[in-house]
Every structure is written in structure tokens, then in C-alpha cells.
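Summarising the annotation, TrEMBL assigns active site, proton acceptor to His176. As annotated by TrEMBL, NAD(+) binding site applies to Gly10, Ala11, Gly12, Asn13, Ile14, Gly15, Asp34, Asn96, Ile119, Thr120, Asn121. The substrate binding site annotation in TrEMBL covers Arg83, Arg89, Asn121, Arg152. Sequence annotations record features per position, and here TrEMBL assigns domain 'Lactate/malate dehydrogenase N-terminal' to 5-143. According to TrEMBL, the domain 'Lactate/malate dehydrogenase C-terminal' annotation covers 148-304.
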Amino acid sequence: MARKKIALVGAGNIGGTLAHLIGLKELGDVVLFDIAEGVPQGKALDIAESTPVEGCDAAYGGANDYSVIAGADVVIVTAGVPRKPGMSRDDLIGTNAKVMAAVGEGIKTHCPDAFVICITNPLDAMVWVLRELSGLPHEKVVGMAGVLDSARFRYFLADEFKVSVEDVTAFVLGGHGDTMVPLTRYSTVAGIPLPDLVKMGWTTQERLDQIVQRTRDGGAEIVGLLKTGSAFYAPAAAAVQMAEAYLKDKKRVLPCAAWCDGVFGLDGLYVGVPVVLGAGGVEKIVDIDMNAEEKAMFDKSVESVRGLVAASRELMPQ
Ligand code: APR
């Protein structure tokens, strides 16, 4: 059986890290596309030259022409600009909405059967633009945010409890922004929900609230440290997990920005929810019950995403 083809649109910090991880995991052959001349070619060659050392069989190519993505099984999109200190993800919309429109057209022309993962921010609105312009079925176009946000939450919790990150599960819903909704009730250590761990004296409610806030600010914390760009190792790892779930039909239950129409009380909006990811793309949305407080936080997040989608609509070509 021929290897799968994974196209990376955007060969910057996240794109390069994605290319490296995909080869190490032998998920398929990789092509990188970018408008920066020489960058996708250079990163492709550099990583290809590491494969004999790593002992992994994956072919790499890079180009400044969209035809390189032809026939891709998976497309991961990071094209656009990242934020700088002081900027919110939403500040990127003017530039990135136009980039997503071009990328959507490229996907429609060259690989309309692909599974598409958007990483470009502001995530929930950019994945909407990408879907609109590519015309792909909604279940084949998703946004990566929840896996990253919950990984940050899991890391902070594991550090707090001094337990393995493997034994911490976390649940983050809503938009990928300041209004994201980390759900402590559905987050656990080896199945024990966080509120029970507070009762058991493992931590205090105050500490837990701080960790939730640090999760919400997780992206900004990295931007503040790096100063020249935003996080890239963890976002790349998160998107690779989603790509792997699709390529291997793993039916992973992962939080993704997915098209919600008739679930979570929504009538057509991309927002972060738990989904089953398999060979069909988003095979199911897990429509969980929320209590009044959680619902209020989710509704606030949904309103913020709606605003970003409306702003993106204004920026799109007619
Ligand atoms: N088509 C293709 N590539 C483009 C385009 C375009 N129209 N416009 C910009 N790019 C490329 C840039 O040349 C650059 O190589 O996108 C790449 C972006 O890479 P970085 O600047 O390193 O940004 P990165 O850290 O990878 O983040 C990319 O993901 O998490 C989000 O907020 C982040 O929106 C940002 C995106």
C-alpha cells in the first residue's frame, strides 16, 4: 500500500515542527507549501537529511506552488501570521482571513478529498473561512485548539499533583481564546474528577482556579516569553495527534473546533467540542450536559466566536 500524503500549508515554526514529527512517526510522505521562496524547499531538504539518522522512511518535498499539495490525504494549515506580545489571537483576523480564503481555493482545486486541520488563528473563525472557500464537507474540516488547550491544562495539573501527565485527562470547550471553557467537572486524575480531588485535599479551589486561568492564558504566556512569535511545539504535537486519529481510523475522542449544527444548542458554527475522529473525519459530536455555570461560560465563548465569524465574513472575497 502506498504511503499517505500529508500537505502542510505554511512552512513556518509550526509547519516545520509538523513536518519533523510526521516523519518521526512515519505517518506518511510530507509536502510543504509556503509563499516564502526557498523556505518550504529548505525545510523539506533539511528534515529529509535527518531521516537516515532517525531510521524513518518518509519522503519530503517543498514548493511555492499549490500544485505540490495535489492528491493529499491530509492538509494541515498554518499559513498566516502569528501574534506578537500584546496582541490577542483576534488581532490577526485582517491578515489571516484573506490567507485562509486563498488556501481554501487551493485545497478545492488540488485535493478536495483531503481531511483538513486548521491551526491558523483566530482559530474558530479561520476554520470557518477555510471550509467556506474550499467547499469540503463540514466533517472533513476541523480546527486544532482543544487538544492543545487541554494538553496545557493536563500539564499544569500533572505538575500540581506530581503525577504522570498520562494519568491526567482534561476537557476544554468553546472558542480558542480568552473565553475558552476548561471544564473541571469532566477533568480527572485516573478517573477521579478534579472537584473530588479538591475535597480529598490534593489541591485547593483557589489553586485550581489559578490553573484554569493559566490554561486560558497559556498561549499568551508563551508569546510573552518568546517575544518574536507564538507557541509551536505543542500546537504541532496536537495537530499530529488529530491527523493520526484520521489516518489510522483510531476513533479518538478529542476536543476539536467542529461544525455544530443541531448540537450544543447551535445552528451552524465552528466551536470547540468533543468529537470522535476517525476515517470519516468528525464521525460524531459528543453533546455533553453542562450545568448552568458551564453553559453560561460556553454561551459567552460562542458569542465571541460569532463576532469573529461576522468580521471574517466582511473580509472575504465576494
Ligand atoms: N500562503 C502560504 N503561506 C503563507 C501565506 C500564504 N498566503 N502567508 C503567510 N504564509 C506563511 C509564512 O511565510 C510563514 O512561513 O505562513 C508561515 C507562518 O509561519 P510562522 O510565522 O512561523 O507562524 P507559526 O508560528 O507557524 O504560526 C502560524 O498558527 O498558531 C497559529 O497564531 C498562529 O496564525 C498563526 C499560525
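A Cβ is built for glycine as well, from the same backbone N, Cα and C atoms used for every other residue.
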Measuring CB to CB from Asn121 (NAD(+) binding site), give everything in the same chain under 8 Å that is also at least six residues away in sequence.
-> Gly80, Pro82, Arg83, Arg89, Leu92, Asn96, His176, Ser230
For the residue listed as 'active site, proton acceptor', list the number of other Cβ atoms lying within 10 Å of its Cβ atom.
-> 28
Give the maximum pairwise CA distance in Å, whole number, for the residues Gly10, Ala11, Gly12, Asn13, Ile14, Gly15, Asp34, Asn96, Ile119, Thr120, Asn121 listed as binding NAD(+).
-> 17
From the recorded positions listed here (Gly12, Arg152, His176), select those whose CB sits under 6 A from an atom of ligand 1.
-> Gly12
By DSSP, how many residues in the domain 'Lactate/malate dehydrogenase N-terminal' (5-143) are helix, how many strand, and how many coil?
-> 67 helix, 25 strand, 47 coil
Whole number in angstrom, please: the longest C-alpha to C-alpha distance across Arg83, Arg89, Asn121, Arg152 for substrate.
-> 19
Using DSSP reduced to three states, classify Arg152 (substrate binding site) as helix, strand or coil.
-> helix
Ten-angstrom check, please: count other Cβ atoms within 10 Å of the Cβ of Ile119 (NAD(+) binding site), all chains counted.
-> 29
What is the separation, in Å, between the Cα atoms of Asp34 (NAD(+) binding site) and Arg152 (substrate binding site)?
-> 28
Number of Cβ atoms other than its own within 10 Å, given for Arg83 (substrate binding site) | 18
Within the domain 'Lactate/malate dehydrogenase C-terminal' (148-304) only, compute the mean pLDDT.
-> 96
Taking only the CA atoms, the spacing between Ile14 (NAD(+) binding site) and Arg152 (substrate binding site), expressed in whole angstrom, is 17
List only the single closest residue to Arg152 (substrate binding site), chosen from the binding-site residues Gly10, Gly12, Ile119 by CA-CA distance.
-> Ile119
